[in-house]
Each structure stands twice: as structure tokens, then as C-alpha cells.
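This report concerns only the one structure given below.
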Amino acid sequence: MNKRTEAHQNSCSSWRGANKGAGYNCWRRCKWKLAGYPRNLIGNRKFIALFCAIILIVLYLLSSSLSVSRFYLTRILLPDLLENFELSKNSDDLKKPRLVWQGGGSAMDDITPDVDHPFTEAPRHKHSPPPVAWENPSGFVHHGGRGDAKILVFASKRKGSAILRAITELLEMIKFKFDVITVMPGSPMPVLTDIHTKYKCFILDDFKMYLNRSASQRKMIDNFMEKNGIGMIAFIVSNNASRIGKQEQLKGFPVLLHNKLNAKELRLASSSPAGLYRVLREGASVNLTRRGDHPLPVSVMLPQHPLLLPLVEALVPSTSDVDTYLPAALLDVGRIDGIRRVLLGVDLSGWLQKLLFLDALSFLDAGLSLPLERYILVDVDDIFVARSGIRMTDHDVKAMLESQERLREKIPNFTFNLGFSGYYFLSGNAAENLGDKALVGNASSFWWFGHMWRHTQPHKLATVDDIKAPMLLNRHFAKTYNISVDTGYSVAPHHSGVYPVHEPLYDAWKKVYGIRATSTEEYPHLKPDRFRRGFQYRGIKVLPRQMCGLFTHTLYFESPEHPGLKAKLDASIDGGELFQTIALNPINVFMTHMTNYGSDRLALYVFEGVVQALQKRTNFILKTEPAVQLAQRYFDLYPEEEEPFWGDPCMDKRHMEIWSSNKTCDELPDALVLGPQKTGTTALYTFLGLHPSLQHNLPSPTTFEEVQFFSGHNYFRGLDWYLKWFPTREPGQIIFEKSATYFDSEVAPARVKALLPNAKLVVLLLPPERRAYSWYQHQVAHGAAAALNHSFSEVLRADLLPYPPRGLAELRARCLHPGEYAVHLERWLEHFSPEQLLLVDGEQLRQAPVAVMSQLQDFLDVRPVVDYDKLIRCAGVDTISLSGVLEYYAPYNARLLSLLQQLRRTPPSWLTNSSLDLQPTN
Ligand SMILES: Nc1ncnc2c1ncn2[C@@H]1O[C@H](COP(=O)(O)OS(=O)(=O)O)[C@@H](OP(=O)(O)O)[C@H]1O
């Protein structure tokens, strides 16, 4: 293909705090209205509700020092009152006529905020780098998640808070895409517009930053949320705890807050209606002092409204020194003021809080729910490999089969997935050899996958044949012992060659075993594990693998090498790391080793234990599947992960070790000329190539001086393919690549960021109408039918045709689209800092190339500095006459000018100079 042709949400926002002295008056002034019901019914309901509310508030106030009364309120009175109201998670139900809570007067009129948290800042500009607190260091996942963001997180501190970090990390873990707005004290609330209607949920890291808004701002937010059906999750969390909590009436919201209390236990509210929780199982609780953990600081929220449902209760000390269960999380189903809210007085540190957060998302919008199914596949690697003394005996095999049967009662068809290296068969002691025989004798009771014959790391073998040979031996072994290895799945020792990709491994796998799925912990990096994901390459689906806390050397519950291992495993199983891994990942592939099934049989203890804990505390439906089906399920769930991202193996020590002994990243380019097409990029490539210290990529027989890796199908040829385009780097040399297709590519910026995060990027900005015409002429010269059959102005007007021919529409798009400079620049700036980007005036390149080359040498910091006056000569400048396209580009150019001003860059002369020679064209 020719290089030039590749395509490229009426709220009661004003209720006054009872504890400020004017509370009773306020309640008298509050009006209740049952929107949409007949008037007489409204009257009765209104009377009952008002009466109940007054009784409630009086009792609450009297009970401020009597925790027992509060207990009765939350545990007995509130639920009884609530029986009058149907509660449903069905979103249609939530739209039914509802109580509208209206306050009299303005909260802001006579109450001074006790905490100064006004909103202030406009939404973060799309291209400004995110605060470090939630920045993804890998560069692979931009704010995680699938599709367009449905969640908007409001951050109350510019640098982020601990709770903000916990929120964003959890969203990243469950792969929900989100945006963040920082809302600082002192400036107005960002204006919510149509673009915010895409959100289903607003998450506030500090509820008070919303409560302390002025009445008008809060009304604006409330109206927007109600109108657009947006729910709210809001945190009121203390950083530290004390025995005596601080009591506070929340401003404009019917909750009496007791802050900073030490909780000894969290449990799901016993008063909650049945079926309220989705993930959490009714009765779930967590004892926070059992293992000597620090007590958890919580905010107790005493609801002063019958329609605020306690979700979670915390066991906290009361003034009378009697520990009491009080609500630390509330659900507002939207029948108070039309806005659905979950208020959390707990952080996100433990399993119960995390799962409550999942349930909160589901309460607010069914589309924000993870599936309830949890798939678990347990690989048992290194079958036969372990040294004598720590292998499985025949008793261990029997125990494994029995454990498998018990697990099957909870996970239908649960089957251990065994990976073997036949070379080591019968290499143990007498009891262990009986174990080997028991394994092959029960082969049909397990799933199997072929490993390397002698557990060799494939990346140490240079060719496909080198890798095939040992694989074939293993396959032959499997045939001899009637082991079915046609499962289409395998793993590589130490993840070798899977990622970064060792091409011969993928070839050999396909040829010997017909591999269609594998798994690794290393993509894109081992840590942080919440960013682990899958990818597909050359027909093989690579699943992310999770960790279970067992390694080849963890053999006993207690040993000098691993003191306290049993306690650690118990913690992990009982709500800790392993429990949470499964709770937050719908599809789990765990790697264990043969040694974990011998000795103290830790693997059996761990998996039976975690399954039991999950069943006790959650409503998850536990399942299993063979790896290939699981891989299909994974990419059905996360289709956006199919395309790989290639990172620089040399930026990760682990990747260096499992990539390839004879490969280097030295040749990866330092700079890229991005385009766009027809702006003089070839001339610039040539000029740069004249410099003794600048080395460009090798030419291509098909795309000439361009590699076109990041923008198109070449990307799927892999990193090795890309590296072949670069000569060996001489000392002091700077290597650059030029592909004019990169600039307007939607995918290129993220891909370049993953592989070349520090690259310097050069963009040529020619008047866009000139670029468009040049592209048209180029297509004429190449005999493109649409260009030959239509004049330039006909091409430009093609959008006016009712049914423009495909070729014509495509030509128009390729003429016009790349010249929408601001759009494309903004995309690059989402991934790269402005300092990495040089914007060259394309007109200046034509008229004063020497000056441009000085600018480039400076930007690239290349030595020696060459006097290009001696190397190139300006051969005269052509002028062309265009105006038909000016109108089209006017808004884009205005956006570009504004962007350049924000970046404090001098705009190209053509952008500010209206005296260009522009005449009407045909
Ligand atoms: N020295 C110098 N400085 C600036 N511009 C120059 C220079 N030399 C050539 N050109 C003009 O660049 C146009 C081709 O641009 P590209 O090389 O980017 O085209 S491509 O995308 O690589 O096909 C092409 O424009 P058109 O003549 O309008 O086609 C070239 O004339």
C-alpha cells in the first residue's frame, strides 16, 4: 500500500441543623409533599410523616447522651416506619411518585459552616496531567475501565486524599472507567453541562464539600442529578479516631454525625429490608479487633429522616461506656428529594467496605454492577518437576482428589489444571514416585496442559525448532500415559517469552499444542496488580493471572523460613488479599505448584478456605471453566483489552529477564516526527538525516521512509518487527522515526506512550487548507478515481450530497480530518507533557528551513550543532490560492490558537496572519 493512503440530576437543599438552636423551628417550617398522589392522601401522609419526624428528632436530641435510645431508634423505630414505603432496587420503581423533601429558608442564611469546604475549581482540563495520587504509572491504562466513563469523582483536595486514592484504586481494580474533578475551596462549582449527563454516578470524597455549597450551587447540583438520574456516593470519613466522637448536625441534610469513633466491628444493618444487598450476604460482619488490628475510625450517621436506611452498623463506644451498634453507612433511595445517595462513614480499607462500595454502585445504577459470577481456575504447575523430598506422595494425590470433590460441591465441575514436565517423571523418592504414578493413573480426573519437557525458559531458546523439540518430547510423554493435552492452554516457566513476546514461543506453542490461551502476571507489569490485564497476540489469548500467596517454597504452615505463614494465609483467605482478589475479579486464574500439594498441602487449605469464606460472606456464584473457554469469557467481558500494548522491556527488570537474551532496546527511537501528512515531513526527515548525530529509521519498500507502526496494522506485527527498522546506535547518536500517519491517529498516542514514554515529538503545522489541497493533488497524482473525477471544491462539498460515493466521502475525510490540528494535539497532550512536543510552523519550514533546523537541534539537544545554511538551500516558495476550506477550518483554527495560548507557545505565522495569498479556487 502506498504510505499516503493508509487510513487512518425539588430538593430540600435548605434544611437547617437542629443542633444549632433553631432546629425545632426549622422542622415546623419543613414541608412534605407526596408528589403525584391525590390531595387527601397527601394530607394524611403529610401529617403522619411530619408527626413521626418531630417525634424522631426529639428522641434523637434526648438521646444524644443515651446511646440505648439511639439504638432503639435505628434498630426498631426506623424500620417500623419504613414498612410504609416499598423499597426496590428496580430503577423504574425508583421513578415512582415519591416524597419530596423541602426545606424552608436557606441553610446558608444563618448557619456558619463548621468546615470550610466550598467547591472551587473548574473541571480539570482534559489535557492537564492527572494529580500523582491517581496517576497510572504504567501508561497502559488511562483511568482504567471499559468504554466511556460513567463515574465522576469529585476530589476535595488538589493533591488528593487517602480516601480519594482508595476510591480511584478500587475503581481501577474493578476496571470501571472514571473521571476526576478537583473542587477546591474558594471558587465556584464547575458548571454541569450536557457533557456531564453521560455520568451515572457522582462520587464525593468529602460529603461536606457538597453540603457546604451555597443554596444556589447546591440546587444547581441537585437539579442536575435529579434531572439526569445521577446517583451519589459520598464519604464522610475520619482520618483518625478517638473514644469520644465529635457530634455535629450535617448542614442541610437530616443526619446527626458522630465523627472519629473507634469501631470494633462492622456488620450489615440488621434493620435492612431483605434483599437489599447484591454482593454482600445478609448478616455479614467483620470483627476489627480479632487479629489485633487497629480499631477503625468511623463516622456514625444517625438518620433524622425515616427514609434514610442504615446499610452498615459499627460497634462503637458510647458516652455511657456501653458499646453500641450505630449506622456508619446510609442509603437514601431517592424518595426524599429525588436523588439516590449512599453515604459512607467508613473508609475502603477492608473487604466489607469494598463490597459495600460495589453494592453502592449497583444501588445507584444497574449498569454499574460487576457480574455476580466468579470464575476460578487453579493451575498446578511444575508437576513432576520438584526435587525429591518436597514432591507429592500418593497420599497427597488422594487428598487432592478428595479436596477437588469437596470444592465441586461449591464450584460445579471444579478441576485442578495440571501442567507437567515429563522429563522429571519418577525422579522422587519411593513414596513420591508412587505419587507420580497416582497422578498419571488418575489423569482423567484432572485437566492437563503441556509444559516444557525440562522446564526450560523458552526465551533462552533462539529458534522455533529449538523450542518445538522439547515440547514434542513432552507431548509424546502425554500420549504414553494417556494424558489429554488438547486443552489449547499452556503457560511458560517464569512467564518467559509470553510478555514481552518471544516470537518463537508463540510459533512453537501453536505448532505443537495448538495453543489458544495462556496466562501471565507480567502484563503490562507485575505491579500494581490492579492494572494487570489481558491481551491477544497472533491468535493466542493471554489472560491476566492472579496471585494466591503460595510459591514453590511455601510448604508448611509454620517453618523457620516462613514464620507466621498460617496466620498470613488465614488473613488472606478470611477477607484479606486472596478473598478480595476473587471478590473484585470476575475471572481468576491462580498459579500454584506441585509442592503446594505435598508437605502441609497448603493449596488445598487455601482454596477450600477462601471458597468457604466467600460463600459465608457474599452472594457470589462460584464457577470454573477450562482455560480456553475462560479466555473467551474474559475478552467478551473486556473486549477493549484485546489489542496489546507494547512496553519497553528494558524499563522493567523482570521483563528484561524473561524477554530474550540477545535482544536490546538500544535502538528504540528517541524522537518521532508525527506528521501530519503533506506538511513537509519528508523534507524534514531528509534534513534531519543530514546531521551526523541523527539516525533515522531504515526505509521500507512499501511505505518508503515511514515505518507506520503505531498507527495501523503493523502494530500487531509486534515489537521485534518494529525494532528491525532501526540500525545499531552509534555512541552519541539520536535515533528518530518519521511516520506522518501518527499525528491524527486515535490509537497512536497511547501506544507511543507505552513504548516510548520519554520520546520527543515533532509536529508540523501547515495552514490546514494548504495541507488539504496538497493531499487532494497527491491523490490526483496517484490516479485515485475520486480525485480524478472530482474537483477539489466538489470533494469539499461532498457532504452536501444525499448519498456521497464511498471513495469521495473518504477522500473528503482524508483531505480535511488531519487538518483539525487542535483535536489531534489535545489527544497527544492527554498522554505527553507539552515539553515533549515541538510544534514547527510548516510555512516556516518552506520559507526559512535553516531557522527551523536550528530550532530542532535545540529541541533534540543534539551535538554537534550543525550550520544547516551550508547543507540546504531554499529553492523558492510556491504560493497557492485557496479559500474554499478556510470556513471549514475556522473553528478548529480558533481552538488551536486558544490551545497554543494555554501552552504559551508562539502560534505559527499563518494562524495569526490573515494576509496569506488566498483566492477562490474551482
Ligand atoms: N523543503 C520543504 N519544506 C516544506 N515543505 C516541502 C519542502 N519540500 C517539499 N515540501 C512539500 O511537502 C509536501 C509533502 O509533504 P510530506 O512530505 O509530509 O508528504 S507525505 O505525507 O510524506 O506524503 C509537498 O507539498 P505539495 O507540493 O503541496 O504536494 C512538498 O512540496
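Glycine too: its Cβ is placed from the backbone N, Cα and C atoms.
Residues or ranges marked as transmembrane segment by TrEMBL: 47-73.
Taken from TrEMBL, the feature domain 'Heparan sulfate-N-deacetylase N-terminal' applies to 148-364. On the 0 to 100 pLDDT scale, the domain 'Heparan sulfate-N-deacetylase N-terminal' (148-364) averages 90 in this prediction.
Residues or ranges marked as domain 'Heparan sulphate-N-deacetylase deacetylase' in TrEMBL: 373-579.
Summarising the annotation, TrEMBL assigns domain 'Sulfotransferase' to 669-863.
Residues or ranges marked as active site, for sulfotransferase activity by TrEMBL: Lys678. Lys678 (active site, for sulfotransferase activity) carries neither a helix nor a strand DSSP state and counts as coil.
Note: Ser774 (3'-phosphoadenylyl sulfate binding site) has non-local neighbours Lys678, Leu766, i.e. same-chain residues 6+ apart with C-beta under 8 A of its own C-beta. For the recorded site, Ser774 (3'-phosphoadenylyl sulfate binding site), the DSSP three-state label reads helix. Marked as 3'-phosphoadenylyl sulfate binding site by TrEMBL: Ser774.
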For a quick check of packing: other C-beta atoms within 10 Å of the C-beta of Lys678 (active site, for sulfotransferase activity), how many?
25
